[in-house]
Amino acid sequence: MNPNQKIITIGSICMGIGIISLILQIGNIISMWVSHSIQTENQNHHEACNPSIAGQDAASVALAGNSSLCPISGWAIYSKDNGIRIGSKGDVFVIREPFISCSHLECRTFFLTQGALLNDKHSNGTVKDRSPYRTLMSCPVGEAPSPYNSRFVSVAWSASACHDGMGWLTIGISGPDNGAVAVLKYNGIITDTIKSWKNNILRTQESECACINGSCFTIMTDGPSNGQASYKIFKIEKGKVVKSSELNAPNYHYEECSCYPDAGEVMCVCRDNWHGSNRPWVSFNKNLDYQIGYICSGVFGDNPRPNDGTGSCGPVSSNGAYGIKGFSFKYGNGVWIGRTKSTSSRSGFEMIWDPNGWTETDSSFSVKQDIVAITDWSGYSGSFVQHPELTGLDCMRPCFWVELIRGRPNHNTIWTSGSSISFCGVNSDTVGWSWPDGAELPFTIDK
């Protein structure tokens, strides 16, 4: 074979290989296109079916709220966020009024920020309760509230939130003292508003609302903090107010109620800032038929308060002025009472079981569990529950949180903030101890 023939032969072979390669590439492209078309068709078919499936799933996890409280013998620690300790060096919000609420999937800590971070100049003067900079935000329970793990919820200086099994209802009150408005959101979208009806600091729970079979319930107060005010229960469905009822409660004072569902009804234990050192309560059903009273026990739950003694099923006037947000859990004629250890300052915390304290006025009790030592600061406290849809139990698990306030007015700082701890009721071994905030003050910004 002469050189020219060799060249032609080699070229022909190369061209043949190239054509075969091209054909294979074209086949590969066609195969990929066909495969993608099949996948897209399947995906579209799946998405077309998915909404009904998702709707069924959502409906199946609606929180029924008809279970009774779980029987318990004590309280197991559930969370501690150490927000102030972490905030001395990290980016942590200046907050107050934290509370916890759970869906069927998770528990979250809600809190009212001051639009500022700890150890920053904007934390100056944050002892003030109501300002246009305050917002309701939330983060996973047990985490320090920071810009990196928190969700904005609402502009608010008073708030509540709860999950009905299908979405979050949030209530944020903001505006001037003489005309504030509560903005209701459902899954983040504004659904309704409630205007102050007495033009005197409309305010709500500072803890979770209560949901029963798709309806959620909250209590609001409007009027004097040291005299007769007006109190309303609101029934809310998918963020819309469907019914309300004003309490006929002369000589009663309800503020900052801690509410929970129990056997298909709602029980709220509140703060009397007017003239009671024991706590007022209101219970109601889904039709807003209600009953009212005061916890009768001589183990008093408010702060300030007198030493334990003889209680009353009406307001106990001794040391009855002012008060602090708190809670109790009713078990028949018995009651678990959460309270500060100090009778005069917001320090220490303990849980007490009075087996007949809901209806009887003596001061005997059978269980006391230490939560925070009297030498450490505490603050507000409130209840929350974990529904059977979350826990897998056949009962409603009672839980509570305690705010650990630091800064002004008890420390030489320019700021006021807090961290939080929480506990849940169990019918197994528990321990009493002290779980304080633990931050060393003052911070760099204070010096």
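Cβ coordinates come from backbone N, Cα and C, glycine included.
Listed in Swiss-Prot for this protein:
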- 1-6: topological domain 'Intravirion' (TOPO_DOM)
- 7-27: transmembrane segment (TRANSMEM)
- 11-33: region 'Involved in apical transport and lipid raft association' (REGION)
- 36-68: region 'Hypervariable stalk region' (REGION)
- ASN66: N-linked glycosylation site (CARBOHYD)
- 69-447: region 'Head of neuraminidase' (REGION)
- CYS70-CYS395: disulfide bond (DISULFID)
- ARG96, ARG130, GLU255, GLU256, ARG271, ARG346: substrate binding site (BINDING)
- CYS102-CYS107: disulfide bond (DISULFID)
- ASN124: N-linked glycosylation site (CARBOHYD)
- ASP129: active site, proton donor/acceptor (ACT_SITE)
- CYS162-CYS209: disulfide bond (DISULFID)
- CYS211-CYS216: disulfide bond (DISULFID)
- ASN213: N-linked glycosylation site (CARBOHYD)
- CYS257-CYS270: disulfide bond (DISULFID)
- CYS259-CYS268: disulfide bond (DISULFID)
- CYS296-CYS313: disulfide bond (DISULFID)
- CYS399-CYS424: disulfide bond (DISULFID)
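Feature annotations (Swiss-Prot) mapped to structure.
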| residue | record | Cβ neighbours (10 Å) |
| --- | --- | --- |
| ARG96 | substrate binding site | 22 |
| ASN124 | N-linked glycosylation site | 16 |
| ASP129 | active site, proton donor/acceptor | 15 |
| CYS162 | disulfide bond | 27 |
| ASN213 | N-linked glycosylation site | 14 |
| GLU256 | substrate binding site | 24 |
| CYS270 | disulfide bond | 28 |
| CYS296 | disulfide bond | 22 |
| CYS395 | disulfide bond | 20 |
| CYS424 | disulfide bond | 20 |
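Neighbour density for CYS257 (disulfide bond): within 10 A of its CB lie 32 other CB atoms from the protein chains shown.
If you take the Cα of CYS211 (disulfide bond) and the Cα of ASN124 (N-linked glycosylation site), they are about 38 angstrom apart, rounded to a whole number.
In three-state terms derived from DSSP, ARG130 (substrate binding site) belongs to neither a helical nor a strand segment and is classed as coil.
Taking only the Cα positions, the spacing between CYS395 (disulfide bond) and ASP129 (active site, proton donor/acceptor) is 37 angstrom.
Residue environment of CYS211 (disulfide bond) contains 27 other Cβ atoms, counted within 10 Å of its Cβ in all protein chains. All protein chains shown were included, and the count of other CB atoms within 10 Å of the CB of ARG271 (substrate binding site) stands at 27. Here the disulfide-bonded residues are CYS70, CYS216; the one with the fewest Cβ atoms within 10 Å of its Cβ is CYS70. Using Cα positions, the member of the recorded positions ASN124, CYS209, ASN213, CYS259, CYS296 nearest to ARG271 (substrate binding site) is identified as CYS259.
Long-range Cβ contacts of CYS259 (disulfide bond) within its own chain (separation 6+, distance under 8 Å): GLN205, SER207, GLU208, CYS209, ALA210, PHE217, THR218, ILE219, VAL266, MET267, CYS268, VAL269, SER383.
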